[in-house]
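**Student:** What TrEMBL records for GLN28, LYS64, LYS66, ASP330 is Ca(2+) binding site. Look at TrEMBL and you will find TYR111, LYS113, TYR130, ASP137, ASP319 tagged as alpha-D-glucoside binding site. Look at TrEMBL and you will find 209-253 tagged as compositional bias 'Basic and acidic residues'. According to TrEMBL, the disulfide bond annotation covers CYS107-CYS139. Per TrEMBL, region 'Disordered' is recorded for 197-259. Under the heading signal peptide, TrEMBL lists 1-19.
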Amino acid sequence: AMAALPLVLWALTAASVLAEPAVYLREQFEDGDAWTRRWVESKHKSDYGKFVLTAGKFYGDVEKDKGLQTSQDARFYAVSSRFDDFSNKGRALVVQFTVKHEQEIDCGGGYVKLFPSDLNQEDMHGDSTYNIMFGPDICGPGTKKVHVIFNYKGKNHLINKDIRCKDDEFSHLYTLIVNPDNSYEVKIDNKKVESGSLEDDWDFLPPRRIKDPEAKKPEDWDDREKVPDPEDKKPEDWDKPEVIPDPDAKKPEDWDEEMDGEWEAPMVTNPDYKGEWKPREMDNPAYKGKWVHPEIDNPEYTPDAQIYKYDSIGVIGLDLWQVKSGTIFDNFLITDDPKLAEEVGNETWGKTKLLTRALRCPQDAEKKMK
Ligand SMILES: *[C@@H]1O[C@H](CO)[C@@H](O)[C@H](O)[C@H]1NC(C)=O
């Protein structure tokens with residue numbers, strides 16, 4: 001028993017170490033200018049917009065709410081930050097951050113991209129290969145959506161569902177959870193807004209079943225539910241002209257046949273006209289029902305239990321276009337633990353959001369008084 005105890009302790013410790021959540025990146029911009037050493041500006045173009053560190057025009061906490069803000073209108077932006085390369089194989093992947101469009105955005109991206117670690121950060125640009133693109137995108141009243149794009153076997157696939165993003169001026173928390181059972185969840189402000197299976201909600205794989213190309217509707221297949229009743233005959237007195245000379249019209253007294261030609265009564269609608277005759281419909285005795293094209297298993301379909309999996313995730317980037325600048329990005333978190341992400345969301349975004357709203361009002365009032 002004496003010898004067994006340390007073993008039990010060791011096993012317990014090992015289990016708790018395994019259960020420890022992995023945090024691949026946590027960036028809250030709380031150490032002044034130090035972020036400039038962690039974030040690399042791309043030099044792919046010479047005129048990228050500048051990010052500045054600020055809590056913005058209004059905030060709940062001037063230090064904690066500091067984040068990266070786009071500072072120039074009508075610019076592309078491209079910065080990225082590296083962390084230890086990892087694979088999400090066999091575990092959850094959680095990507096979370098806050099976006100505050102305090103400029104009342106008209107058109108601009110608010111999303112992040114996760115890149116494989118072989119990304120050349122100095123050359124990052126719109127066409128750089130990424131694993132996942134996630135977050136809000138706004139352009140006019142028509143586009144207000146949350147992108148969830150996955151690179152699968154070299155091709156980017158957009159989600160088939162419509163997820164609406166927030167378009168107000170306050171900070172919002174965006175969370176993407178990708179599970180090793182190929183399920184996913186999208187949360188905004190720590191509330192689920194969409195979830196499902198990767199296979200169903202993206203077109204990564206061809207369909208499981210397809211219409212049998214060999215099957216054809218038999219030529220004699222009668223799918224007419226109703227047919228004209230052959231017993232029904234047109235009544236003999238049915239056909240009448242549509243218009244007739246007005247029976248009430250009279251030739252004017254001063255009509256001069258030599259001068260005016262032969263008098264003819266004006267035409268009027270015939271009250272006895274019944275329109276075109278159609279036989280009544282009856283149930284088709286030969287009706288076989290609607291023909292259903294038989295389906296077969298799609299020979300092109302191969303299941304993939306690891307759609308969710310990326311071998312290398314090592315860089316997070318902001319690669320954006322913004323017409324009206326002013327968006328603040330903050331509280332980046334990449335982890336394998338959805339619960340931890342929720343907690344961190346509560347502690348960061350959750351803590352200052354009410355204060356922000358409360359403090360926003362007096363500032364509005366002050367502006368009005370001036
Ligand atoms: C986060 O906050 C919400 C609302 O207060 C609460 O219901 C939830 O349990 C919190 N989550 C965690 C993981 O602490």
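Keep in mind that glycine also has a Cβ here, set from the backbone N, Cα and C atoms.
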**Student:** Of all the recorded positions given, namely GLN28, LYS64, LYS66, CYS139, ASP330, which is spatially nearest to LYS113 (alpha-D-glucoside binding site) at the Cα level?
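**Tutor:** For LYS113 (alpha-D-glucoside binding site), the spatially nearest of the recorded positions is ASP330.
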**Student:** For LYS64 (Ca(2+) binding site), what residues in its own chain, 6 or more apart in sequence, show a Cβ-Cβ distance under 8 Å?
**Tutor:** GLN28, GLU30, ALA55, THR348, LYS351, THR352
**Student:** Pick from LYS66, LYS113: which of these binding-site residues has the biggest number of other Cβ atoms within 10 Å of its Cβ?
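**Tutor:** Going through LYS66, LYS113 one by one, the largest Cβ count within 10 Å is at LYS113.
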**Student:** Do you know offhand how many angstrom separate CYS139 (disulfide bond) and TYR111 (alpha-D-glucoside binding site) by C-alpha?
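**Tutor:** A Cα-Cα distance of 13 Å.
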**Student:** Which entry in the list of binding-site residues, ASP137, ASP319, ASP330, has its Cβ near the fewest other Cβ atoms, using 10 Å as the limit?
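**Tutor:** It is ASP137 that, of the binding-site residues ASP137, ASP319, ASP330, has the fewest other Cβ atoms within 10 Å.
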**Student:** Sort ASP319 (alpha-D-glucoside binding site) into helix, strand or coil using the DSSP assignment.
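**Tutor:** Assignment for ASP319 (alpha-D-glucoside binding site) reads strand.
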**Student:** Would you mind reading off the Cα separation of LYS66 (Ca(2+) binding site) from TYR130 (alpha-D-glucoside binding site), to the nearest angstrom?
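**Tutor:** The Cα atom of LYS66 (Ca(2+) binding site) is 27 Å away from the Cα atom of TYR130 (alpha-D-glucoside binding site).
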**Student:** Work through the recorded positions one by one (CYS107, TYR111, TYR130) and point out the residue whose CB has the fewest other CB atoms within 10 angstroms.
**Tutor:** CYS107
**Student:** With the Ca(2+) site defined by GLN28, LYS64, LYS66, ASP330, which remaining residues of that chain have Cβ atoms positioned within 8 Å of the Cβ centroid?
**Tutor:** PHE29, GLU30, ALA55, GLU63, ASP65, GLY67, ASN331, THR348
